[in-house]
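Structure first, then comments.
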């Protein structure tokens with residue numbers, strides 16, 4: 001016997017292509033026919049309906065044809081429900097779906113006062129502050145230690161005071177540049193290391209800032225049904241007379257009841273899936289529907305996005321006559337196709353996205369690690385301070401031979417003049433300048 005299979009035209013399950021039919025359900029039917037070695041005939045459902053039971057208990061649509069014996073199998077996105085299970089036989093689900101929310105990507109939260117700090121974590125900001133203070137202190141110390149930077153501490157005034165070091169370090173970090181610049185090799189090593197650190201830091205900051213400003217599901221104001229129910233700025237609705245509406249109507253969950261009452265009060269229903277997608281694209285409207293259908297809308301319309309939360313999980317199954325031995329074999333074949341990854345392949349084939357990924361945005365999503373740059377900065381600061389100490393030691397050794405003193409004694413005197421006597425020497429220099437004036 002050749003099974004008669006009514007079909008329902010709906011993208012991407014069953015679609016006309018010339019004189020042929022294609023789509024997810026047609027591919028699924030073909031795979032099942034290969035596994036179970038049967039042939040089939042398909043025809044469009046007469047009344048263009050999936051199947052609903054009227055008040056007298058009679059079924060219409062695809063389910064009605066199977067009940068009346070006009071068809072053997074109904075292959076379409078038929079939701080597995082208790083009422084249908086009583087009227088016809090249903091196989092194991094070939095696809096899982098649920099209820100979710102569709103809206104525009106640019107419906108996001110209001111910007112906060114400190115959103116400019118979001119590119120880096122708190123630990124990173126603390127590390128940057130510590131690096132800034134440490135570098136400024138190293139500038140100040142090296143400028144006092146190095147004789148190439150401060151050759152005559154008795155008479156010369158040191159330009160790299162702590163306040164100037166802080167100012168110079170801040171200017172270098174913001175790429176503004178402030179003078180005077182270090183003259184000694186030790187100071188220039190610290191300066192170059194800090195410049196490199198600043199360039200990498202700014203590049204990471206602006207890259208992460210552009211990523212955090214991007215429109216994705218993490219920045220959405222509505223992340224789930226509770227957020228949707230507790231806000232007033234976005235209108236929302238679902239398909240009129242759909243099973244999705246019945247789910248909210250019959251639910252005892254306070255949040256879902258609140259959503260239903262709002263939709264019933266505002267009459268924010270849509271007459272078709274296309275209308276719901278169109279209103280979501282126009283903005284300020286959230287369309288509630290089956291997640292599988294919403295995923296297809298996201299794949300076709302790049303400005304839309306589906307929230308992560310999915311409720312009311314259910315399955316799509318193939319319907320057959322009650323007691324048909326073929327249903328058991330079909331269920332086993334569906335499970336085999338699922339285990340072999342064939343169902344996943346068909347899903348990816350017919351739900352393929354037409355949106356082109358932005359290469360710049362894809363690269364900016366890579367996590368930036370500044371651990372290496374902090375290490376390079378620490379090595380640069382250490383090398384600069386070490387060179388300054390060596391420069392001062394070399395000068396002390398030369399002076400020890402001329403003064404006939406030990407190197408340690410001369411080095412101790414130099415350190416005392418450069419650190420302890422700094423304030424006194426600067427005051428003396430100022431007094432001398434006043435007397436000359």
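Residue 1 is the first one shown; counting continues down the chain.
Glycine residues also receive a Cβ, built from the backbone N, Cα and C atoms like all the rest.
Taken from TrEMBL, the feature domain 'Ionotropic glutamate receptor C-terminal' covers 2-353.
Residues annotated as domain 'Ionotropic glutamate receptor L-glutamate and glycine-binding' in TrEMBL: 12-68.
Among the features that TrEMBL reports, L-glutamate binding site is placed at 77, 79, 84, 243, 244, 290. Sequence-distant neighbours of residue 79 (L-glutamate binding site) (same chain, six or more apart, CB under 8 Å from its CB) are 97, 243, 314, 315, 316, 317, listed in sequence order.
The annotation site 'Crucial to convey clamshell closure to channel opening' is assigned in TrEMBL to 222.
Annotation comment: TrEMBL describes 249 as site 'Interaction with the cone snail toxin Con-ikot-ikot'. Contacts of residue 249 (site 'Interaction with the cone snail toxin Con-ikot-ikot') defined by a Cβ separation under 8 A and a same-chain sequence distance of 6+ are given as 260, in order along the sequence.
Taking a C-beta cut-off of under 8 angstroms and a sequence separation of 6 or more, residue 355 (disulfide bond) has the following same-chain neighbours: 299, 302. Marked as disulfide bond by TrEMBL: 302-355.
The feature transmembrane segment is assigned by TrEMBL to 373-394.
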Task: Specify the count of other C-beta atoms within 10 Å of the C-beta of residue 290 (L-glutamate binding site).
output: 24
Task: Write down the Cα-Cα distance for residue 290 (L-glutamate binding site) and residue 222 (site 'Crucial to convey clamshell closure to channel opening'), rounded and given in Å.
output: 17
- prompt: Can you count the other CB atoms that lie within 10 A of the CB of residue 77 (L-glutamate binding site)?
  reply: 20
- prompt: In Å, how large is the greatest distance between any two Cα atoms among 77, 79, 84, 243, 244, 290, the listed binders of L-glutamate?
  reply: 18
- prompt: With every protein chain in view, how many other Cβ atoms are within 10 Å of the Cβ of residue 244 (L-glutamate binding site)?
  reply: 18
